[in-house]
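Note sheet for the following structure.
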Amino acid sequence: MGGGLGALAAIVSLGVVKQEGLEGTYQWGDVVERKKEWALLTTESETKAPLAPNDVTNPLIREAHNRALGRPTAVTPAPQNKKLIPGKEDDCPICYDGTHGVAETALVFCEECGNALHKECSGQWRTTSVNSGNQLSCVWCRAWWVVPGHGAASDAADVGARGQEGY
């Protein structure tokens with residue numbers, strides 16, 4: 001049987017094996033071998049499959065990850081205007097109506113990922129989140145939602161100041 005290190009073997013129990021390279025009928029107890037499967041090294045996968053260009057990972061998290069791996073920690077400043085103007089196929093994640101062609105003033109954008117949703121839907125979603133005692137987060141990327149003039153931290157304080165009935 002010549003099995004090497006890492007070789008995968010299967011003992012046939014049902015009599016028929018349908019697996020790539022192993023098709024056929026075998027008797028109960030036959031041992032079927034398959035060659036070792038290979039995977040890319042971490043460095044190979046990083047070069048062959050780099051980060052997506054729309055990666056929304058917080059730069060501070062990326063910097064900490066690079067430090068932990070012993071990589072250079074040059075942080076590039078995040079763009080100030082991350083608004084992703086909706087395309088033809090984009091929908092509001094709350095009401096599922098299209099957001100393409102809607103006036104920019106009728107949309108709100110996440111400061112982390114830049115995705116849009118209707119301003120009216122955002123208001124309803126904010127009210128529901130606050131009334132249920134949850135801190136406001138982006139429905140797209142789950143980053144803490146920053147309300148202009150309030151900040152993410154004040155929403156948590158606002159939630160704590162309300163009673164269970166919402167007032």
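Just so you know, glycine gets a Cβ as well, placed from its N, Cα and C.
Annotated features, as they stand in TrEMBL:
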- 1-19: signal peptide (SIGNAL)
- 92-142: domain 'RING-type' (DOMAIN)
For the domain 'RING-type' (92-142), residues assigned helix / strand / coil by DSSP:
16 helix, 8 strand, 27 coil
Overall pLDDT for the domain 'RING-type' (92-142), taken as the rounded mean:
91
